[in-house]
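Features reported for this protein in TrEMBL:
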- ASP181: active site, proton acceptor (ACT_SITE)
- ASN186, ASP199: Mg(2+) binding site (BINDING)
- 35-248: domain 'Aminoglycoside phosphotransferase' (DOMAIN)
Amino acid sequence: MERKLPESIRRYTEHREYKMDTIGRSGSEIFCFSDMVLKVEKERNESRSEHEMLSWLQGKLPVPEMICSEKSGDRRYLLMTKARGKMLCDEQYLKNPRLMVHLLAEGLKTLWAVDISGCPAKRDLDHKLEQASLNVAEGLEFETETEPNTFGTEEFDSPEELLLWLKEHRPKEETVFSHGDYCLPNIFAENNKISSFLDLGRAGIADIWQDIALCVRSLEYNIGKNKECKKQLFEELGIVPDWDKIRYYILLDELF
């Protein structure tokens, strides 16, 4: 491994074979060992929160066990056990969309069952819009990662216009425990059951539609605009889709 690691991490990884993960889009470096994973990323609020939430969620949700957490310079290092099973964008689930959608619904219900009293992270719209404002003010580059035509429509010509619209059209919230980035690569399953949730830097107390929206977007990204899959998702969740809220949270995510 070329990167120089803190001693507390190196004692677990030295002379171990690994592969780099190239699926994620978070900008972090992911080193995959046979039985554990090392995540290295720049020090920021989201990386700090992931370490905190992973610790808090032990025993509450199927999440990796934290082996070692370290900050060195401008980098955070998180060494954790490897998730069991396969991510839901694996070929075995893409070929069986009914099972995949069932697992997505089960995952959402599992998250919503978490008792949010004592949760250390609030991710409601007050928090998200404040963070989005900071992101826009810092001039972060959105165009390379945004959904096609997000800013190029007649509504939004820039991140600033989108932010203003989001502030003026914020919906009423129904708070639950939220993953924050509920997409297929972040949910693992084994033996037809959810086995692990990953990438918890945005997890916390948030509106129930936050995860539903990104789930719908991830479904469309991986299998296209499949009406039957969406219908199945909401039938299994037992709720009527609110497409205005779904659109709102997908647009909000463009500013992160």
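Keep in mind that glycine also has a Cβ here, set from the backbone N, Cα and C atoms.
Residue environment of the residue listed as 'active site, proton acceptor' contains 23 other Cβ atoms, counted within 10 Å of its Cβ in all protein chains. DSSP assigns ASN186 (Mg(2+) binding site) to a helical segment in the three-state reduction.
The local packing around ASP199 (Mg(2+) binding site), expressed as other Cβ atoms within 10 Å of its Cβ over all shown chains, amounts to 21. The average pLDDT computed over the domain 'Aminoglycoside phosphotransferase' (35-248) stands at 93.
The two recorded residues ASP181 (active site, proton acceptor) and ASP199 (Mg(2+) binding site) have their Cα atoms spaced 8 Å from each other.
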